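Below you'll find the structure, written out as structure tokens, and then a few comments.
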Amino acid sequence: MEDYTKAEILIEALPYICKFHDQKILIKYGGHAMVNEQAKNWIAKDLVLLKYVGINPIVVHGGGPEINRAMEKMGKTPEFIHGLRVTDEETLDIVKMVLIGKINGDIVSKLERYGGKSVGLSGKSGQLIKAKKKIQYLMKDSQKIEVDLGMVGEVEHVDTKLIDILVEKRYIPVISPIGVDHQGNDLNLNADIAAGDIAGAMNAQKLIMVTDVDGIMDDVNDPSTLHRRLTIPQIEDMIEKGLITGGMIPKIEACVNALDKGVQSVHIVNGKTPHAVLLEIFTEDGVGTMVVRE
């Protein structure tokens, strides 16, 4: 590539650098993009670059594939209801071991390898996330019944003071989705939904959900059915038609929740696309699916 072409590419990003300068962007990082080494490098480099051009990324990570593998090694079968992991006490210990003990530190190390400053946190740090036990309902024979998810929580309150301090000091916060209830009990939080809550509390400009799919599609086996832009009413219609199911449901709940709390747009991108985060922020067309209120 000629030097002038490289310069033109950099200049193309200038309006977006100006627009998002000093803004917070919440990155929810999950899926198989977290276990692909090349994809992990792309994401880390993207986040460090964002920080150095004056944009403030905040990371909330999942770890579903690694948690599943750890459970299976210990003779436990992962169980999900509407995309939420059923969590008994032993499963919660495994979740914390994988999220806080392994994945969080791996992300921090990767960011620092590429020149960033990063601090690993969980929702337990500095009373960051207060949570309560989640009540889940299912429809059975036209009846609404309550199902017990175990030690699964939903966010009641996000105290942003610790994150604000870290962002001001030029650190990239990396947050594991474990919350604490008012009795001091740990609760497993769905990372997508927690990311939406934190994005809203932080007044983030964008929520970017880095996963292992290209975005929201009518048919997951047909890339041509990818939606580039969706509104909340359109998404609700897709759920009613059964086009959005399983693990995508919590992601959509997170999208709607974040938009309701003032986030301007939510983007679902494939972390296996090289530099998907930079492409989403700094190019006209972006990648993946953008979700807005209307």
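Glycine residues also receive a Cβ, built from the backbone N, Cα and C atoms like all the rest.
What you see is a predicted model, and the numbers here were worked out from it, not measured in a lab.
Per Swiss-Prot, the candidate among Arg85, Arg228 that belongs to the substrate site alongside Gly63, Gly64, Asn188 is Arg85.
With all protein chains in the displayed structure included, the most crowded Cβ environment within 10 Å among the binding-site residues Gly63, Gly64 is that of Gly63. Cβ environment of Arg85 (substrate binding site): Gly64, Ile67, Pro78, Glu79, Thr91, Val95, Leu149, Val152, Asn188, Asn190 lie under 8 Å away, each six or more residues apart in the same chain. The secondary structure of Lys28 (site 'Transition state stabilizer'), as reduced to three states from DSSP, is extended strand. Each of the recorded sites Lys28, Lys251 was scored by the number of other CB atoms within 10 A of its CB, and the lowest score belongs to Lys251. Separating the Cα atoms of Lys28 (site 'Transition state stabilizer') and Lys251 (site 'Transition state stabilizer') is a whole-number distance of 10 Å.
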